[in-house]
């Protein structure tokens, strides 16, 4: 997969289908206030456990926002390790959305997912809600290589369950706190 990044320019953002910046003006304790916010789509994610490999299936992908905030111009710093996920923008249920995302991103045809819970993030400017699910997968469910749509260039990343917490604490891998929570959730319920 070619991940060459070149001719980078930072420009003013035109209107977006994904985020809507706005300013909220209000009064608190008799004082005029304002707060800059961003309206975002709610999202779903899933902790995928591959039964035969005894591994979690994560996705690795380049995230421009992560790359731009790094101090070094190193391409690898823009790659994140994530739960398979997607935004709720199609007017279908959370469950239907995550089942579609699993198929698009990693190529597995999943019938059932179990809800872990819903959580909020980016409190200071967005307050986006993410619902997290869990699903078991095996090779009989693999229907295509995955990789995403619209040039997403998503790579599968198998992480052995026994190495999960070591991975969480390794700061060389860019990841969200929700992943650590999911690993702990899994260990609490299924640890042998």
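Cβ coordinates come from backbone N, Cα and C, glycine included.
Quick caveat, the model's predicted, so the values are computed rather than measured.
Annotated domain 'Nudix hydrolase' per TrEMBL: 39-181, in sequence order. The Mg(2+) binding site annotation in TrEMBL covers 85, 101, 105, 152. Residues or ranges marked as motif 'Nudix box' by TrEMBL: 86-108.
Structural mapping of features recorded in TrEMBL.
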| residue | record | DSSP class |
| --- | --- | --- |
| 85 | Mg(2+) binding site | strand |
| 101 | Mg(2+) binding site | helix |
| 152 | Mg(2+) binding site | coil |
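On the 0 to 100 pLDDT scale, the motif 'Nudix box' (86-108) averages 96 in the predicted structure.
All chains included, 24 other C-beta atoms sit within 10 angstroms of the C-beta of residue 101 (Mg(2+) binding site). Around residue 152 (Mg(2+) binding site), taking its Cβ as the centre, 14 other Cβ atoms fall within 10 Å, counting all chains. The DSSP breakdown of the domain 'Nudix hydrolase' (39-181), given as helix, strand and coil counts, is 40 helix, 53 strand, 50 coil. Around residue 105 (Mg(2+) binding site), the C-beta neighbours below 8 angstroms that are at least 6 residues distant in the chain are 59, 84, 86, 146, 147, 148, 152, 154. Of all Cβ atoms in the protein chains displayed, 20 besides its own lie within 10 Å of the Cβ of residue 85 (Mg(2+) binding site).
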